[in-house]
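Over in Swiss-Prot, the protein carries these features:
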DISULFID  C40-C104  disulfide bond
DISULFID  C152-C209  disulfide bond
DISULFID  C256-C308  disulfide bond
DISULFID  C352-C410  disulfide bond
DISULFID  C454-C558  disulfide bond
DISULFID  C606-C667  disulfide bond
DISULFID  C803-C850  disulfide bond
DISULFID  C895-C953  disulfide bond
DOMAIN    581-685  domain 'Ig-like 6'
DOMAIN    872-965  domain 'Ig-like 8'
DOMAIN    976-1066  domain 'Fibronectin type-III'
CARBOHYD  N27  N-linked glycosylation site
CARBOHYD  N149  N-linked glycosylation site
CARBOHYD  N185  N-linked glycosylation site
CARBOHYD  N223  N-linked glycosylation site
CARBOHYD  N251  N-linked glycosylation site
CARBOHYD  N311  N-linked glycosylation site
CARBOHYD  N391  N-linked glycosylation site
TOPO_DOM  1106-1270  topological domain 'Cytoplasmic'
Amino acid sequence: MLSQAILLWLFGSIHISSQFFLESPSNLSTIAGESITFRCSAEKSPEPIVYSQWKSNTGSLLGYHQEGILPGHQGRFSYIKQNAEELHLKITHVNLDDDGEYECQMLHPEEGPIRAKSFLNIIVPPQLVYFSNYQPNSIIAVKENTPLNITCVVPNVKPEPEVLWYMDGKVMSRDVKQASTPHLNKTFTVYTSLVVQSDRNDHGKVITCEAFQKETDIRITTNTTLDVLFPPSDPTVEILRNPSALRSGDNVTIACSVTGGNPPPDVFWYHENKRLQSHSTLDTRSKEIKNIYSFIASQNDNMAEYECRANNSRTGNPKRKAMKLEVNYPPASVELFGESNIRYGSSANIQCKSLPSNPASQITWIINGRSVPTPTQREFVVENGIVSSSNVSVHSNELSVEAHQINVECMATNPEGSSAKQHVIKIIAPPKAPIITGLEDRKFFEGDIVNVTCEAQGGNPLAELSWYRGSEKHLVKGRKKMKWSQVKKKLVMSLLCLCEVVIMNFFRFSKNVFYFFRFTLFIECGVNGAHNEVAGFSSYSTLALRVDRTMNTQRLKCEATNAALDEPLIESQYLSVYYPPRRVLIRPADSGDQRLLVGKSARLVCGTLSSNPAAHISWQFSRATDDNKVHLGDVSLNETTRDNGFNVENVLSFTPTEEYDGTVVHCIANHPEWKHSVNTSFPLNVMYPPKMLVNDPVTVVMSEGDSFKENLTVRGNPAISLWQWRKNGVPFDHTIGRVFARGAVLSGKQLLSTDAGVYTLTATNSVGSTNITIKLAVEYSARITSISTPVIAATGDTVLLECEADGEPSKANMIHWYKNGEILAAQHRGHKKAILRLNATEQQSGEYTCKADNGIGVPAEGQTFLLVNSAPRVLPVARYAKTAGILGGVAKARCKVYAVPTVEFVWEKDEQLIKKNSSKYSIVNTQIDYSTYESTLWIKNIVPDDYTKKVKCIARNSFGTDHLSIPIIPPTHPDEPFNLTMTNSTLNTISVAWEPRFDGGSDQIFEVKYRRQNDDLIHLVNTTHTNLRLSGLATANTYFFQIRSINARGFASSWTSPVIFATLNEDGVNVAMIRNEKLKLTTWIPYILIFIVLFMLLNVVICCFVCNRTKKRKLREKTEMARTAINGGDVRQVQMYGTMMGNDGMSRRDIDDRPEMSEDEHSVRTMIEVSPNGYMQPIEPMLYESTGLLEYDYQTRSYMGSSQGTRSMTYANVPYPEPPQPSYHSNWNSLQRQSNNNTSPQHHLSTFINPNMGVRAGPINYAQLDGDLV
């Protein structure tokens, strides 16, 4: 620490002295990213320099180090040192952070501390030049003579470069300004602006900004192009190929030229301020744009103005140049005005006017083919030309008139052409008086068509004929042309005629007002249908007239007129028309009250409007009881109408009843002179109070839970305005309980007993009201309302069990007591209570059921118990008979007991009391019902010794004791279920149930197998329950069912015997019962045949057996004789040892010459296995899970014995002589071990010991021990 402090003090007192440096560090400049080396060395000295180091640009000392990379600075700083007098600093990949002053410091032995400074300048060359507001190489649009300010930016450079401006390669120094902005990293951003005042000559020139850095000699540039906008020149217009004068029909071409403009201008022709369809062309050399438009000159182009417009975005308002055309054309036509008809001796003024022309037209006149001097002519200038006009007067008495007319012709002419037109003036004269034909018969029926002709002779022009009818003038239109004054007159007449029709309809009941209008309005109405024609010098008008009632007693008039008459010539005839009324009306006589009330006298009026002659009126009611009876009524009115017809009214009086409501009354108007009668109908609307269509009261009986809807059908007129419902006298609105009232409909949904009652409906209308009553009775099944609680009694006590029930209807003896399904005699108190009197005995103890049935729904049931004190009794439960568990596992033993009162359980093993809840045992007691109890013993950590002992369940109470011994066995197969029964069947389902047995020591499932009769397809279904419902079965089919149990260890019981169940047929009958009746006889036939065959075979077997036994007896006697002779008269003894399990079905002991079996043959506890060494050893198969014993090598032998062979025999492989071969071989392969999930019975094993031959296994037959000795 002290040496470091001294070193710092020495270096702190360093003074600058370059005379002692052999190589002093120099200033350096370099581009960022390159490497530099500061060199520093001192002069040689006898004593080496003790210390040397560098100080960085940040003022920090880099430290005393040997040659190599210095710590920090990203490994870019390093010392270079060849000897003690030098220390060079190398920096790689320099950056702006390295810019600054560096100092070399040394400690000289003679001079002391010395130092030398140098500077490192980092150069950043320009990388980018850009315009601040424009993209590089872009085009800048600027208006002519408008200043443009452009700024050029050079970012992040060091040192600042020189920025130059160029326009098309020429340096621009005027209006240039430059500024810079320093940054924290010691770089600069340089800004240079240029102001340009451009004109159209600068268009398209390139402006360049260049940045030049002298230190690096780097130049970078960016460019932009000027787009100078300026307007075009004024347009010039001309007519190409200009003729001396334009004429209508000439092809005219006009051109408009414009020079310059940026952007190029749009040049178009306009006429009447509408742009014309034309196109422009551009001359690239002269920059001239020309638009040419061609068209055919017409008279409309005379003095027309065509305008050329040039415009671009710089122009603002377009520049315009217009030209007017002068076109010569003839008059298209002339127009003549003046009178067409004059009387002889009068004069007419005619005016002739030409249509526009250029130049003006000259008018000339020709009358009846001769030219006349032209009067003074006038001229008018119009839009496209000049109109000429002239007047002339024509006197009929001064001219020669032919065919009653004068021909006047006018002609207009100019240098381009002429036009003429004629005018005819007629000389008029009056015709003769007209004549009417076709109305000789003056009586007609309405609707008839009458052809009438009017003729007028002579006249010029010929007469115009018109038809009129009535006191008013009804015009029948002709076909000749009418003047405007006549047209207006006709229109007014038509409008007034329409008014007449409206008034007639509106005032048909107000005669005085109608006649007022009749006599104050005089109307002429046109009627279509007249046909006019001319034949020779006469006019004819034919009218096809459809006669109607308005023509009755009216005059039909024909008028002849022409221009020569001031008043028309008239001829007329009168018409008489028969017609019925258009309609007949029925109305109540009292217009103030339109209602008809029941029992009140009523009057109806039937009226006919305008008939000729007067109508005869009769009445009819459309009721079945009237039989179309005709009523005449009373005539109350018979008057004349404006059409000279008759109005008739008839009154019918009657008293209406309810049956009249809706009845239609017919009024019939007829007359012998009419072609048909006219009638009308009137429905009677008879008002009466509401009336029920059902008998009162209405009784509705429903079952609880049902729904009903009762429509009471109330009739009344007018409609019922108020419905009021009450239940048991209490009003309610729409809903009460589950009953709903809507108008006359009373309905209920899922009724309850509380909905029963008397419902009253009051229906009211404006005439009166009525009531009706509905008695709603809700039937419900009987319900147990009270039942005695379970009773515990001693033997001999008298016990009363009471049961009360309610139901609708309540019936006598609807309550009964049952026990085990049998009815018991009881005392009844009324309909709702039954009392059962019992003498308490053990036989009477148990569950008692009270059933209440009133015939509605499902009978109600209630249970109670009579519990008679009794000693415990263990109930036989098949699945509790034994228990099983694996070594080290858990077994569960259960017993179920009946006892009254409460029972106490005790478990024992080997007469030793089992303690509760120890590590070996745990006990759980459960009460199932009032008299049934169950105790469960859990046995844990099973050992082989547990298999040799039983556990005992002891149940006791104050009245006695009972017990059950339960063996513990290894896991085995489950026992097959029993009592497989069908609980229900439908058309396509069968429900079955069964009872399980012992489960083999693990959880069991049940596998149900079924198949349809005459079908080989077998179905298997697994379930953990003791019942099953199968669906999707065929209707009316028989099925075979079997069931077995499979436990969790894979052991399975055998299948139960097949049981037949069946689905129902369409009638709901079980087909299995029907088929069993039919198959009873056919089922027994195969059994009878089998019995006969077996009986015959048995006789044959007995005969063979007797013969064979006789033969063997003789052979045995012969053998014994031989042995006696060889052995000195003694028979060799044979001793028997071992164990056999009896199987009556598989073996049978011989009757003769067999020694008696020892007691070991009856033991079922021990089996003897013969080892390969000949030793016998006991086997405990229950300790293992294997399903069989170890089998040694053996040879199959068959020994002759009884008729039955021995099953599954095993021989030990020992080196002893084999017994002799039998005289015959059995077909049984008795040595094949069968596997049936450990369900086959235990194999037989017998062991016999011969002193000379060793141990032999199998049944003995003395005849085979040594072979045949004879």
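Cβ coordinates are placed from backbone N, Cα and C, and glycine is handled just like the others.
Overlay of Swiss-Prot feature records on the structure.
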residue : record                      : DSSP (3 states)
C104    : disulfide bond              : strand
C152    : disulfide bond              : strand
N251    : N-linked glycosylation site : strand
C308    : disulfide bond              : strand
C352    : disulfide bond              : strand
N391    : N-linked glycosylation site : strand
C558    : disulfide bond              : strand
C803    : disulfide bond              : strand
C850    : disulfide bond              : strand
C953    : disulfide bond              : strand
Cα-nearest neighbour of C209 (disulfide bond) within the listed recorded positions, N27, C40, C558: N27
N251 (N-linked glycosylation site) to C308 (disulfide bond) - Cα separation in whole Å: 19
Rounded Cα-Cα span from C152 (disulfide bond) to N223 (N-linked glycosylation site), Å: 10
CB within-chain contacts under 8 A for C308 (disulfide bond), separation at least 6: P235, V237, C256, V267, F268, W269, Y270, N291, R320, K321, A322
Pairwise CA distance, N149 (N-linked glycosylation site) versus C104 (disulfide bond), rounded so that it is a whole Å: 52
Spatial neighbour of C850 (disulfide bond) that is closest, considering only the recorded positions C152, N311, C953 and their CA atoms: C953
Spatial neighbour of C352 (disulfide bond) that is closest, considering only the disulfide-bonded residues C40, C104, C606 and their CA atoms: C606
Nearest of the recorded positions (N185, N311, C410, C454) to C104 (disulfide bond) - Cα to Cα: N185
DSSP-derived structure type at C40 (disulfide bond), helix or strand or else coil: coil
Listed glycosylation sites (N27, N149, N185, N251, N391), ranked by Cβ neighbours within 10 Å, top entry: N391
Number of Cβ atoms other than its own within 10 Å, given for N311 (N-linked glycosylation site): 19
Same-chain residues at least 6 apart in sequence whose Cβ lies under 8 Å from C606 (disulfide bond): V584, L585, I586, I617, W619, G633, E649, N650, V651, L652, C667, A669, T680
Cα-nearest neighbour of C895 (disulfide bond) within the listed recorded positions, N27, N185, N391, C410, C803: C803
For C803 (disulfide bond), nearby residues of its own chain (Cβ under 8 Å, 6 or more apart in sequence): I784, S786, I787, S788, I815, W817, K833, A834, I835, L836, C850, A852, G862
Cβ neighbours within the same chain of C454 (disulfide bond) - under 8 Å, at least six residues apart: P434, I435, I436, L465, W467, Y540, S541, L543, C558, A560, E571
Alpha-carbon distance [C152 (disulfide bond); N311 (N-linked glycosylation site)] in Å: 35
Secondary structure at N185 (N-linked glycosylation site), reduced by DSSP to three states: coil
Segment confidence, the domain 'Ig-like 8' (872-965), expressed as mean pLDDT: 92
